[in-house]
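S.K.: Take a look at the following structure, please.
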Amino acid sequence: MKIVTYNVNGLRPRIAQFGSLLKLLNSLDADVICFQETKLRRQELTADLVMAEGYESFFSCTRTSERGRTGYSGVATFCRVNSAFTSDEVALPVVAEEGFTGVLDSGKGEMNAVAEGLEEFSRDELLKVDGEGRCVITDHGHFVLFNLYGPRAGGDDTERIEFKFKFFKILEKRWESLLRQGRRIFVVGDLNIAPTSLDRCDAQPDFENNQFRRWFRSMLVENGGSFFDVFRAKNPDRREAYTCWSQSSGAEEFNYGSRIDHILCAGVCLHQEQDLQSHNFVTCHVKECDILTQFKRWKPGNSLRWKGGQNIKLEGSDHAPVYTSLLEIPSVSQHSTPSLSARYIPMVRGLQQTIVSLLMKRQAAEQVTTDGNFIKESSSEGERISPEQCCTPSGDSCSSSQNSEVLCSKTYEHSSTLAIEATCNTLVTLGGECNKTMCSNEAKKKAKRSSQLSLRSFFQKSPITSNSVSNSSVISTNQGYVPDSNHLSNETPLPENQSGSPKQCELNSSASIQDSDEVDVYSLDKSLDKEKNNFALLEWQRLQQVMQNSIPLCKRHSEPCVARVVRKRGPNFGRRFYVCARAEGPASNPEANCNYFKWASSKPRQK
């Protein structure tokens, strides 16, 4: 059996990187996969993000509305199983729980009982600790698995330090309660704690005096605790074994990071022997534990940022996965999928339809034919007619007499709630033939185009809506005024044309004038746009040159620095500064960052 823990730094971009959730899970090739920092809210848990064939998933999302915490953190546990609904596989949990305090409304079972010793905390305190979506517990029969994302707390952020301390204090009490019951425990995830100097690249002499590092070490067997640090148990002397690197400084290029992703284990082994001194779960059932430093964490084509240039954005997780392989884990009794499974989330499985909504959808579907034909219905305005009755093709004689105008309309049903009316105007010519002036498709296209006007449209003349004009009268339509022959003759002389009548020549002449106006306006617009683009390009190049000239050079490498902005709340919030552009690394390496620093002239923002 294989267990993997991985801080994905956003589950959605990792899925996009691999093409699908299933491909991401299969790439890790594990029976239980624990993700941290999914950055998903509960309303975003759609099937493509939580469901993959052959896997059952269990999510915990942030429930707090605190500023900066919405859509933050989040954990997910994926279990690979052959049969989801009833199985004896160890990977499929018997019980699952969201959070670790027992106060969240999740699946029901034995594990939902609040751990002993939590009476000193109020319900509001417990809800606050579990409200950031930092834990999913799955009971696999032989052991209980905690998928954790530990809080991060800056050195001077007293509020977050207090929250982190309370988080681990309550968590420890839950562990103690399970151990008293004789349960075995696995704790995996990003705990945001590097326990010793061996686990940090730039550890100072007082590094291990931090209260959270002291707490972590107090939990370990070598200090009288109950847990094994599984990685250190299998790799006791390995140095520079890190799982997280700073993306902003490109620290991974020189492996300048820390080990904050852990796998901890507590409890006796599964053997029947009673000699507990020489038997424990790690020595008897853990084959190996290591860091997947070669796992593809970047999008295809992405190289390390500092090897490709300082302007290249590195897209991927800043953590590496950690795994452990277990041996001799027997099957468990037949059981079904816990109710916390993502397959039972309403957004994933869908909502149950009522009979009324089903009948309404059926009635709406019957009102629209599948082949797009017209629907004949009775109307208060009179009986609607078919397209054949509306307009006849060119060349066919109309039933109306000469010099008469035939107007017919037809309503097109687009949906059960939307109807678009298109008017089909037929004008009778002198020869007794009728031409179709507007078809239904053109009417629809014009209706769509009319919603947004271009600059060119304001310089165009009013369109002539009729294709044929009577000799003795001026025809006015619902689309605009059509000028008479005298008005047209004042603008352009009538050319002699043997192939057509003078009226047809007038129309051809008017159309040519309008076309030439359109060409002139189009050319004018195009030249203006080109001139504006050239001006903007020159101005931007000038600004870039000014900015480039103002960037200082670092002292060791004499290379242009990179600009940063202070994001930490305080007197310098929003203030710009310059640092060495090289990747962060050990001070002994001359190729690494030289720690050059200089404030820019900009002042901090006033809040």
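Quick reminder: no glycine exception, Cβ is built from N, Cα and C everywhere.
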S.K.: Examine the ranges 372-417, 464-509 and name the one recorded by TrEMBL as region 'Disordered'.
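M.R.: Matching range for region 'Disordered': 464-509.
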S.K.: Which chain-mates of Asn192 (site 'Transition state stabilizer') that are at least 6 residues away have a CB under 8 A from its CB, listed by sequence?
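M.R.: Asn192 (site 'Transition state stabilizer') has long-range Cβ partners Gly150, Pro151, Arg152, Lys164, Ile260.
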S.K.: What is the three-state DSSP composition of the domain 'GRF-type' (554-603), stated as helix, strand and coil residue counts?
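M.R.: Its residues fall into 0 helix, 12 strand, 38 coil.
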